[in-house]
Amino acid sequence: MPLKFIAIIVFFIGMAGLVLAFFWDRKKPKNSETSPLFDELFPQQEEWEPEAVDINESSDMPAIYSGLHKHKYLLPKDSNSLYTRLSSLFADQYNIAPRVRMADIILTKEQDITKQSGDVKNAMSVLSSTVFDFVLTDPHTGEIKLAMITEDQLEHSGNREFIVGLMSYLSFPLYPYEQLVGMDDNELAVDISETIDNAFYT
């Protein structure tokens with residue numbers, strides 16, 4: 001085949017390639033119009049760092065809550081130790097309930113406060129403010145067997161005579177105590193049991 005003829009063929013093939021490339025480039029869709037970037041499809045959210053909120057400074061907190069805080073422990077250390085001791089001594093005999101209001105175990109005959117006499121209202125005020133350290137109850141029936149309170153509490157209440165007198169009148173075993181650390185377990189168990197027996201069976 002003559003070289004001239006071959007050159008003509010190569011020339012036309014080259015021209016055809018250029019024409020095709022030109023039209024292909026014009027028909028090719030632009031990325032900006034049909035293929036949005038990944039960041040546009042899935043925009044990254046700004047990093048969020050939560051700020052610690054001080055409840056005492058929260059604008060949504062009712063004013064009545066300010067200045068209040070919770071107790072970390074239900075019982076002071078000494079009372080907690082005595083609670084553990086009593087629970088061990090009377091594990092099969094009594095349940096031990098700590099911090100029981102006198103008003104929760106002594107009721108008024110007239111429940112309607114508007115019909116109560118002044119004496120009854122005064123008495124209920126004392127009952128509401130008096131808290132027994134421990135109350136012993138029967139584990140099977142729930143019957144209250146004895147209430148314990150420190151001598152200091154009785155003295156500082158200013159109502160010792162009324163409290164002791166009422167408990168005696170109702171045949172309700174009351175066990176005022178001071179320091180029980182020096183009393184061994186057997187002596188303490190006997191002393192409490194005798195207090196209960198004397199109230200219920202004499």
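Each Cβ is built from the backbone N, Cα and C atoms, and glycine gets one as well.
Among the features that TrEMBL reports, transmembrane segment is placed at 6-24. Taken from TrEMBL, the feature domain 'DUF2726' applies to 73-153.
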Three-state composition of the domain 'DUF2726' (73-153), taking helix and strand from DSSP: 34 helix, 21 strand, 26 coil
Model confidence over the domain 'DUF2726' (73-153), averaged pLDDT: 90
